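Trainee: The structure's right below; bear with me while I get my questions together.
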Amino acid sequence: MTQWPFMDVAVTLPMPHSFVYAVPDYLSDTCRPGMRVLVPFGKRRVTGYILKGRKDSGDYTAKKILDVLDDHPLFPENEIPFFRWVADYYMHPLGETIKTALPTGLERRDVAHVRTTEQGRMALDTPGLSPVESRILTLADTRQGISRKQLFNTMDSPSLRSLLKKMQDSGWLSVTAVLKKEAASARLEKFISPGEKPPDPAKKLSLKRQQILSIVAEKKEISLTALRSQVPTAPRLVKLLAQDGRVTITQRRVCRDPFGDPVEPDIPPELTSEQANAVNTVLNHLDQGFVPYLLAGVTGSGKTEIYLRLAADAVARGKSALVLVPEIALISQTERRFRARFGEQIAVIHSMLSQGERLDQWHNIATGKVSIVIGARSAIFAPFDNIGIIIVDEEHDGSYKQENGLRYNARDLAVVRARMCDCPVVLGSATPSVQIAHNVRTGRFQQLDLHHRVNDRPLPQITLVDLKKYNDAPPMDRIITPELAKAIRTCLEAGNQALIFLNRRGFASFPACSACHQPLQCRHCDITMTLHLSAHVYKCHLCGFCLPESTACPSCGKKAVKNFGFGTEKIETLLKTMFPDARLARMDQDSTARKGSALALLKSIRNRTVDLIVGTQMLAKGHDFPAITLVGVICADLSMNLPDFRAGERTFQLLAQVAGRAGRGDVPGTVIMQTYNPDHFTIEAARRQDVTAFYNREIPFRKALKYPPFTRMILVKLSGPEKEAVEQAALQAAAILLQLKDATPEMAQTVDILGPIEAPIPRISSRFRWQLLIKSPSFHQISVLVQALQNHPDITRRRTISLGIDVDPYSLM
Ligand SMILES: Nc1ncnc2c1ncn2[C@@H]1O[C@H](COP(=O)(O)OP(=O)(O)OP(=O)(O)O)[C@@H](O)[C@H]1O
Ligand SMILES: [Zn+2]
């Protein structure tokens, strides 16, 4: 291994470039690309990632690396070009891009701590002190003080920054740097094995010690945890035994096991002819390296079996397979199927794992212990150095898009990474996105088709129920119509399961005051709150702010809040009264918030210990529960009228997907879809489960209005705590962009700048929001424009305004 005197390091700060650091002698054996280092930056110490070795430092006097934080690289060297691509494309700093890619909790850095001085303590007793000042002095009066960030989070005062400066100048507060340690670390476990020394017969041992020695002799090696479960005092006793040389204690890294119940190995079924065709097409073109495929297969056509075969082939070729799954709820199903086939070769990456578990899974990938990864969007960064295939299940799903920080789309990155690894990528869906379907039509993707369900099971029969005819009916009949109630009864009587779908959680979604008619709004966001009956609170679904169930109307002060609108919790209550004998479960974000509860719910559906399930989109896609024969859609129109050009596409996908949960076993499925718009083409296409019909209507509309896939877009989001300042910044950003655009005749013609407008949700978490949408058929053009904006001094100098760049935005809200 070459020992380089200098290293290129990407620091975890908003810096576009990497920096050169010198390797001190005592670290020269240990520094390798892909490892974290602690480096000085300005007056602080921050975490950085080694990118590559260098012979010299150029014209630059390099500072020294302070410490190496890993003993094995966290990512392979050949992944670095991918990170660079991601950083450039999404206009995000390289170091922060890598930080987003890695498991969370791996950062060490100096944080500014504010501490009350002796003088400050004395000032606390003086009379002229403002309440804010005395609060700050009290909070900061601890040994380490309080971190600046924590102080800003606790104190909701707009002039905090200048106040702190003033207090510091008066000598009341001191600011120091405190090194923050990683939140996630390797788990080390002690193992006990027989010692070198022969037992000394002269020395009498207690019974407990004898017991320990015989266990260790029998097992050859046992973890201290396992030993302690047999002999509770083992930790103290083995220390003594080790001093006598009777046992040896070694410490090793162990993997925390995130897997739930054990899974029985499965026997691969014989492929249907459509499945075999799809698999063979991919395998026959392996010599072409990168080939992007759309696997368009109706619901229940057996796409997962194709993924299993393709992954098996990659592993057989000595390569690895990367499998992305959208919802964490769905990961468990896919993970089970993969583990049944591949056993221990699997790692999983998703947000239900603890930080430590995620770190262990990552380590298993980086050290080559596993060859298949199944995960949610962040798994696209898995540190494999030899990828043989990338698979994206439910490619149309919005959860592949990260909506803050590095706003990447893992589905799109799957294609980019496959191109860099020169391997095939398979995007699967029963309801492909307009974007990818368009890529097929323009010849950039190859389509693999599955037109039939496995075993020639029929697709479910879908009946629309026009909700308009129940406008004057009793409230109950407007929510669960007699048609739906009857279908549920029939389904339950036959001993089958029914899934009732509503994509809105909570009990009442529109609380409003009956005295002043104002809706109950969140204090920090411009949206209406939702009543959660079991938690006895009104909750804001954006920031989490709660008001008690007994709240008075914040506008007029009267105790007259009435609960209009409904969500899953209300449906659950209604069904309970209508079908008191049915075993009922509800699956939504609220009922699955606790670790393990989602898995327990899915298990109860699988084991048929529930009959009726109320669920949100969490249950709508991908799940394979053969006993579900009825799907009821409470309101098909919910997402249709959102101010977003993809509202129709999303509604179609959601409805066709949820319908696809019915009839996956031996009994054919039925779907009752309640809607106010039975004639709308989106609803009609969903009823016929006709993807092509939907696209043929949607594509001309996208083309006429110059929306993707015919243009590329970047959404520029500005937000800040002061309304006027955000508006001013947005107007200025627009002026800068217009000027840049008009300076180039070509851009003047093809680039469209829409806005600035106030965002559809004008305020979230007390931050005001404005936005600008930039469109052009050429991505290069809009990218150049936005980069210039990002670096424009008039924008960067505005310290209270944050500028968010959303490349290929998914949500325009
Ligand atoms: N060749 C086969 N022979 C028998 N059963 C199969 C075969 N292939 C798949 N299956 C079974 O068919 C069912 C549906 O398959 P799968 O869940 O993969 O569908 P899917 O195409 O992913 O559907 P969706 O788009 O709704 O997620 C599963 O229970 C699976 O085990
Ligand atoms: Zn809120």
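Glycine residues also receive a Cβ, built from the backbone N, Cα and C atoms like all the rest.
Per TrEMBL, the features are:
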type	residues	note
DOMAIN	284-450	domain 'Helicase ATP-binding'
BINDING	C513, C516, C553, C556	Zn(2+) 1 binding site
BINDING	C522, C525, C540, C543	Zn(2+) 2 binding site
Trainee: Taking the Cβ of C540 (Zn(2+) 2 binding site) as reference, which residues of that chain separated by at least 6 in sequence fall under 8 Å from it?
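Mentor: Expected: C522, H524, C525, I527, M529, T530, C546.
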Trainee: Is it possible to get the count of other C-beta atoms within 10 angstroms of the C-beta of C522 (Zn(2+) 2 binding site)?
Mentor: 25
Trainee: Which whole-number value in Å describes the distance between the Cα atoms of C513 (Zn(2+) 1 binding site) and C543 (Zn(2+) 2 binding site)?
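Mentor: Taking the Cα atoms only, C513 (Zn(2+) 1 binding site) lies 22 Å from C543 (Zn(2+) 2 binding site).
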Trainee: What number of additional C-beta atoms lies within 10 angstroms of the C-beta atom of C513 (Zn(2+) 1 binding site)?
Mentor: 20
Trainee: Where does C513 (Zn(2+) 1 binding site) sit in the DSSP three-state scheme?
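Mentor: Where C513 (Zn(2+) 1 binding site) sits, the three-state DSSP reduction gives strand.
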Trainee: Which of these binding-site residues has the least crowded Cβ, counting other Cβ atoms within 10 Å: C543, C553, C556?
Mentor: C556
Trainee: Determine the minimum-neighbour residue: among C516, C525, listed as binding-site residues, which Cβ has the fewest other Cβ atoms within 10 angstroms?
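Mentor: It is C516 that, of the binding-site residues C516, C525, has the fewest other Cβ atoms within 10 Å.
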Trainee: Do you know which of the binding-site residues C513, C522, C540, C543 end up with C-beta under 6 Å from ligand 2?
Mentor: C522, C540, C543
Trainee: Provide, as an integer number of angstrom, the distance between the C-alpha atoms of C516 (Zn(2+) 1 binding site) and C543 (Zn(2+) 2 binding site).
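Mentor: Their Cα atoms are separated by 25 Å.
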Trainee: Taking the mean position of the Cβ atoms of C513, C516, C553, C556 as the Zn(2+) 1 site, which residues outside that list, in the same chain, have a Cβ no more than 8 Å away, listed in sequence order?
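Mentor: Counting only non-site residues, the set is S514, A515, H517, Q518, P554, S555, G557, K558, A560, V561.
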Trainee: Just to verify a number: CA distance, C543 (Zn(2+) 2 binding site) to C553 (Zn(2+) 1 binding site), in angstrom, no decimals.
Mentor: 20
Trainee: When you average the Cβ positions of C522, C525, C540, C543 for the Zn(2+) 2 site, which other residues in that chain have a Cβ within 8 Å of that mean position?
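Mentor: Not counting the recorded site residues, we get R523, H524, I527, M529, H541, L542, G544, F545, I764, S765.
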